[in-house]
């Protein structure tokens with residue numbers, strides 16, 4: 001093969017110095033390392049996406065998507081209502097520990113089978129053969145719905161920061177439902193542009209935004225510890241409160257655990273980019289653990305900081321900005337300009353968290369559609385030549401988030417109830433996946449080789465993760481306070497039931513005949 005201008009000489013997996021043209025370069029980018037090729041071949045998947053991510057970029061991606069210290073600020077009111085300052089701090093710590101065991105469990109499975117499918121693929125491989133197809137199908141639905149709802153949630157959370165910024169600087173501003181809808185849609189469109197037109201720049205941008213993420217954290221911590229009034233440490237760390245009226249401090253704190261779970265959930269975020277990560281079976285699990293370590297520490301420190309510097313709690317909870325942390329900063333600095341800068345920083349970081357969330361949610365959608373688990377699967381799984389991204393899945397994510405955002409016009413309460421399926425669906429997918437690999441350990445079955453093995457500690461780690469996830473699954477169904485009326489009732493159980501019914505109807509009408517489960521492709525390849 002003759003060399004043309006623009007061609008390059010690359011060492012292939014056998015060590016041959018072959019001349020590769022542009023088409024060969026694209027193919028090489030998709031195949032990645034020898035381990036990547038081996039993993040994709042074992043799973044029976046064709047490489048369709050470019051492996052543009054490396055450890056620094058996937059680490060930055062996950063850290064920014066997690067947005068832990070940012071959400072630690074946003075959920076202040078929820079923690080104060082159920083648990084008080086002490087409840088907020090200690091429950092955040094408990095969730096950090098529990099989620100760390102979840103991350104370790106997920107990281108091991110991600111190394112065994114690094115695929116965009118994540119949980120539903122792992123269930124398909126690790127569940128008992130009799131239940132592999134059905135369980136992986138249901139987990140796929142939970143994961144897809146969970147991440148799609150999370151996209152609408154982050155869009156609205158970001159929109160609320162912009163609304164708070166406006167309210168801070170325009171005294172007569174009154175938040176309207178349609179404001180939140182338009183801002184949420186705007187955030188989603190911004191995220192979609194970065195995931196389509198500017199997608200090749202995304203790994204580079206992750207490095208820049210993660211620096212902003214770290215510096216923003218220190219900016220908040222320094223400002224609050226230096227300028228804000230400090231509460232009595234003993235009261236902050238030991239004064240548990242049942243402000244929700246549950247009649248039990250313990251139950252109130254457990255209900256308040258939902259806030260930290262919302263903040264720290266998303267252990268599988270990077271997993272769904274494994275087919276775009278070079279040397280995924282090695283890099284992915286280590287980036288997951290590194291991300292959890294950094295983000296959990298930042299989130300916990302920020303929780304301690306804001307709980308220790310609340311000042312006038314009444315003014316914080318009744319603030320016209322709608323965001324208690326904005327009032328905390330304003331009370332500390334006595335400067336609208338300074339507070340506006342810090343609020344804008346949170347808004348920008350949540351904006352890029354939304355960018356990353358579109359990436360993850362669309363890849364999860366693409367992977368499940370590729371295995372024919374959804375209506376219109378062939379359309380959703382289509383990857384346009386030369387784009388090398390699941391464009392249709394990205395557009396579907398935009399449409400789904402936009403439709404959900406329209407609910408905000410009528411009621412933010414109804415919107416929050418509907419998107420709460422995000423936490424339930426994601427946690428449910430974690431439970432089933434980890435339970436399947438724990439079962440294999442208990443039964444003494446052979447596990448797939450992993451470049452991130454938990455070894456003899458695996459069963460203990462899986463068990464602790466499952467115990468924690470059980471709590472995290474139950475309490476999102478609780479209302480904000482006991483004895484709610486119809487308007488204040490948490491209808492999450494109804495939404496979850498509706499999703500299950502829809503999934504079952506589609507399964508028995510069509511998916512049962514066309515969805516085979518990822519393990520079928522693995523088995524056929526290995527024969």
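The backbone N, Cα and C atoms fix where each Cβ goes, and this holds for glycine too.
Unlike curated entries, TrEMBL annotations are predicted automatically.
According to TrEMBL, the feature transmembrane segment maps to residues 204-226, out of the candidate ranges 204-226, 365-387.
Range with TrEMBL annotation transmembrane segment, chosen from 288-310, 311-333, is 288-310. For the transmembrane segment (490-509), same-chain residues at least 6 beyond its ends with a Cβ under 8 Å from one of its own Cβ atoms are 134, 137-138, 141-142, 145, 374-375, 417-418, 420-421, 424-425, 476-480, 484, 515. Only sequence-distant pairs (6 or more apart) were considered; of these, fewer than three Cβ pairs between the transmembrane segment (459-478) and the transmembrane segment (177-197) are under 8 A, so the stretches are not in contact.
It is 177-197 that, among the stretches 134-157, 177-197, 204-226, 337-358, forms the most Cβ pairs under 8 Å with the transmembrane segment (389-409).
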